[in-house]
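Q: My questions will all concern the structure given below.
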Amino acid sequence: MATIYYEKDADLKILKGKKIAIIGYGSQGMAQSQSLKDSGLDVVVGLRKGGASWEQAKKDGMKVATIEEAAQQADYIQMLIPDELQGKVYHEQIEPYMKKGKILGFSHGFNIHYGMIKPGKDIDVVMIAPKSPGHLVRRMYQQGAGVPALVAIQQDASKKALQYALAYAAGIGCTRAGVLATTFKEETETDLFGEQVDLCGGCTEMVKASFETLVNAGYQPEIAYFETLHELKLIVDLMYEGGMAAMWDSVSDTAQYGGMTRGRRIINEQSRMEMWRTLEEIQDGRFAREWVLENMAGRPHFNALTQQDAEHPIEIVGKELRSMMPWLKQKK
């Protein structure tokens with residue numbers, strides 16, 4: 001069973017008197033920096049000067065500096081820019097200021113685990129990874145609650161790295177919910193696997209394939225959309241709220257029997273072999289190297305696949321059907 005840390009295990013005071021630099025002001029950067037500030041900590045946001053995020057952070061009342069200035073000032077530097085940018089930004093704008101005793105933090109272990117960033121041995125390297133999007137991190141903090149998070153320690157030069165990381169987690173509200181201990185290796189490999197096999201890759205390919213099957217069999221695209229994509233949210237919400245057993249309890253017996261008997265034919269031995277193959281590519285670094293090279297080449301494959309999915313018939317019919325759903329317009 002995982003070790004879980006709570007409020008009683010964290011001492012926010014250990015970060016008082018230290019300056020925290022949040023590098024990036026996207027979903028997580030915005031949520032984490034604002035919550036740390038509201039927790040009474042000294043926070044500066046490191047950004048590219050003149051960019052849209054710079055003005056937004058200033059408008060939100062944050063102290064803003066260039067990445068170099070923030071890194072030079074800070075005792076604790078949290079990297080919250082995209083994975084593919086972190087290595088270059090770290091080496092060019094942060095590494096020169098990583099002096100002994102500083103803390104380097106992440107919310108995803110990709111660059112540390114695969115060696116794109118190799119910090120000196122005299123600094124702490126930690127991870128606090130909230131298990132929710134940034135807007136929910138912020139909303140739960142403001143409501144006096146928090147979202148679960150992961151904590152990992154890669155280097156403990158100070159012998160206080162876990163204390164610093166848990167204090168950071170407390171500063172963004174995560175110790176109110178619980179912080180699970182992991183490693184950079186485990187977080188990185190399981191996160192990538194989930195994205196590729198289930199959450200992003202497997203799910204979208206399953207939806208497209210089932211939609212295509214119905215349309216090619218002569219069913220109306222609109223009906224196929226409802227049955228293969230639209231209703232997916234209903235099922236996922238049930239699993240999210242109560243687990244798979246609760247989901248089965250909520251659907252009809254016909255749906256449960258059909259799903260249990262036929263679902264095992266869809267996810268068959270060949271599918272499981274591909275899951276293992278995908279995991280091996282993550283574990284041995286092949287996927288990481290492929291992604292780095294793809295970015296170096298200007299993302300030709302990434303852009304082609306993105307365009308291909310954008311032009312899929314399910315996108316065309318989906319846009320039309322979503323225009324009939326006023327509750328979606330209200331969210332915008």
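Here the Cβ of each residue, glycine as well, is placed from N, Cα and C on the backbone.
From Swiss-Prot, for reference:
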type: DOMAIN; residues: 1-182; note: domain 'KARI N-terminal Rossmann'
type: BINDING; residues: TYR25, GLY26, SER27, GLN28, ARG48, SER53, ASP83, GLU84, LEU85, GLN86, GLY134; note: NADP(+) binding site
type: ACT_SITE; residues: HIS108; note: active site
type: DOMAIN; residues: 183-328; note: domain 'KARI C-terminal knotted'
type: BINDING; residues: ASP191, GLU227, GLU231; note: Mg(2+) 2 binding site
type: BINDING; residues: ASP191, GLU195; note: Mg(2+) 1 binding site
type: BINDING; residues: SER252; note: substrate binding site
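I'm curious about the neighbourhood of these features; can you describe it?
A: Its Cβ taken as reference, SER27 (NADP(+) binding site) is surrounded by 16 other Cβ atoms within 10 Å in the chains shown.
Neighbour density for HIS108 (active site): within 10 A of its CB lie 21 other CB atoms from the protein chains shown.
Helix, strand and coil residue tallies for the domain 'KARI C-terminal knotted' (183-328), in that order: 125 helix, 0 strand, 21 coil [DSSP].
A sphere of 10 angstroms centred on the C-beta of GLU231 (Mg(2+) 2 binding site) encloses 11 other C-beta atoms.
Cβ neighbours of GLU195 (Mg(2+) 1 binding site) (same chain, under 8 Å, six or more residues apart in sequence): GLY201.
Counted within 10 Å of its Cβ, the other Cβ atoms near SER252 (substrate binding site) come to 8, all protein chains included.
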Q: About how far apart, in whole Å, are the alpha carbons (Cα) of SER252 (substrate binding site) and GLU231 (Mg(2+) 2 binding site)?
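A: Computed Cα spacing between SER252 (substrate binding site) and GLU231 (Mg(2+) 2 binding site) is 14 Å.
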Q: Using only C-alpha positions, which one of SER27, ASP83, HIS108 is spatially nearest GLU227 (Mg(2+) 2 binding site)? These are the recorded positions in the record.
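A: In terms of Cα distance, GLU227 (Mg(2+) 2 binding site) lies closest to SER27.
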Q: Please report the distance from the Cα of GLU231 (Mg(2+) 2 binding site) to the Cα of SER27 (NADP(+) binding site), rounded to the nearest angstrom.
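A: If we compare the Cα positions of GLU231 (Mg(2+) 2 binding site) and SER27 (NADP(+) binding site), the gap is 27 Å.
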Q: Out of the recorded positions listed (TYR25, SER27, ARG48, LEU85, HIS108, GLY134), which are within 10 Å of ASP191 (Mg(2+) 2 binding site), Cα to Cα?
A: HIS108
Q: For the domain 'KARI C-terminal knotted' (183-328), what's the model's average pLDDT?
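A: Value for the domain 'KARI C-terminal knotted' (183-328), mean pLDDT as a whole number: 97.
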Q: Quick one: of the binding-site residues TYR25, ASP83, LEU85, GLY134, which has its CA closest to the CA of HIS108 (active site)?
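A: Smallest Cα separation from HIS108 (active site) among TYR25, ASP83, LEU85, GLY134: ASP83.
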Q: Give me the non-local Cβ neighbours of ASP83 (NADP(+) binding site): same chain, 6+ apart in sequence, Cβ-Cβ under 8 Å, ordered along the sequence.
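A: For ASP83 (NADP(+) binding site), the qualifying residues are HIS108, PHE110, ASN111.
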